[in-house]
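Here the structure is laid out as structure tokens; the discussion comes afterwards.
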């Protein structure tokens, strides 16, 4: 096979029995990021330009092989979808050194080629992680975590639930092959509507419910703490509080537990966050629920905080931190919810996915809002056909 070296990458073509074109970006032992092409129709013979001529035995003369390359590491993460959110997830995972092996799957080869070149140029700044790209799910084999960001983007005027039909069909198509290649992986669903799609992913996958996690209200909780902190003029890390329920309009901010340094807000303002609250903290909670839409209206899409949120959960899985986060999981049997659906509750997250669901002490009013959130999701979910 003739090769053409161009900017630390080489192109190859060969006959194949496969019925589709695909590309794979792999990090070889010689530190070259290589983009491989296959074409089902014919074999291309590409001449190497004179400016890139080098002795054929350079690699053999330079490197003395003493062992076979190591197999995939235990921290492999596959991201499905190379859109704005998928790339933001990959960046957050790589920049924070959460994983040294990231694979990205997307149906658009040109998009993958561009991202591949970009990551190739970035690899020297990232301690040379192994970064792979492909249009084929086979590249996800033996992943520890599979992050799903694929799906139709939410348009202006749409809520997250409007996306359910489009993205349910996508989920039904992509989950089975991903499970086949990584049967022991924990699946993190980021695509919206995340609560419904997490439930769909669980039903389609056949996996234990603990290994399907929806990103859920983890980001809403961060927004909640951030907005409270901004109003108080303190660090968001010093504000403690949770948002549970739907990742959407019916989410439930738990004002009964919001505190700074152990001082409960409700001990100062008994009606904090309620309609009777004269300081308007309830308006802040409404802003949290609309924050994603606000960001999309201003910049066209929302991705940075979403990517960091997903990376944070991914870290918990890979490092088995058992941290408590508000993520979407099966809520049947919790807080007297009888429907079979996913909503966000505070859970411990580790190597096996969701380990424990925290038994919260919430007010009757908060429980009522949580049940309303369950009804909202159930009314959408009951019309979904999985077969």
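Cβ coordinates come from backbone N, Cα and C, glycine included.
Predicted, not measured: the structure shown is a model, and the values here were computed from it.
Features reported for this protein in TrEMBL:
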type	residues	note
DOMAIN	76-214	domain 'Lactate/malate dehydrogenase N-terminal'
BINDING	81, 82, 83, 84, 85, 86, 106, 167, 190, 191, 192	NAD(+) binding site
DOMAIN	218-381	domain 'Lactate/malate dehydrogenase C-terminal'
ACT_SITE	247	active site, proton acceptor
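The binding-site residues listed here are 85, 190; among them, 190 has the most other Cβ atoms within 10 Å of its own Cβ. Under the three-state DSSP scheme, residue 190 (NAD(+) binding site) falls in the coil class. In this structure, the C-alpha atom of residue 190 (NAD(+) binding site) lies 11 angstrom from that of the residue listed as 'active site, proton acceptor'.
A 10 Å radius around the C-alpha of residue 247 (active site, proton acceptor) takes in none of the binding-site residues listed as 81, 83, 85, 106. According to DSSP, residue 85 (NAD(+) binding site) sits within a helical segment.
Take the CB of residue 83 (NAD(+) binding site) and look out to 10 A: across all protein chains shown you find 16 other CB atoms. According to DSSP, residue 106 (NAD(+) binding site) sits in a coil region rather than a helix or strand. According to DSSP, the domain 'Lactate/malate dehydrogenase N-terminal' (76-214) comprises 70 helix, 25 strand, 44 coil.
Summarising the environment of residue 192 (NAD(+) binding site), the number of other Cβ atoms within 10 Å of its Cβ, over all protein chains shown, is 28. Reduced to three states, the DSSP call for residue 247 (active site, proton acceptor) is coil. In the shown protein chains, 21 other C-beta atoms lie within 10 A of the C-beta of residue 106 (NAD(+) binding site). The average pLDDT computed for the domain 'Lactate/malate dehydrogenase C-terminal' (218-381) is 96. For residue 81 (NAD(+) binding site), applying a Cβ distance below 8 Å and a minimum sequence separation of six or more within one chain yields 105, 106, 148, 149, 150, 151, 191.
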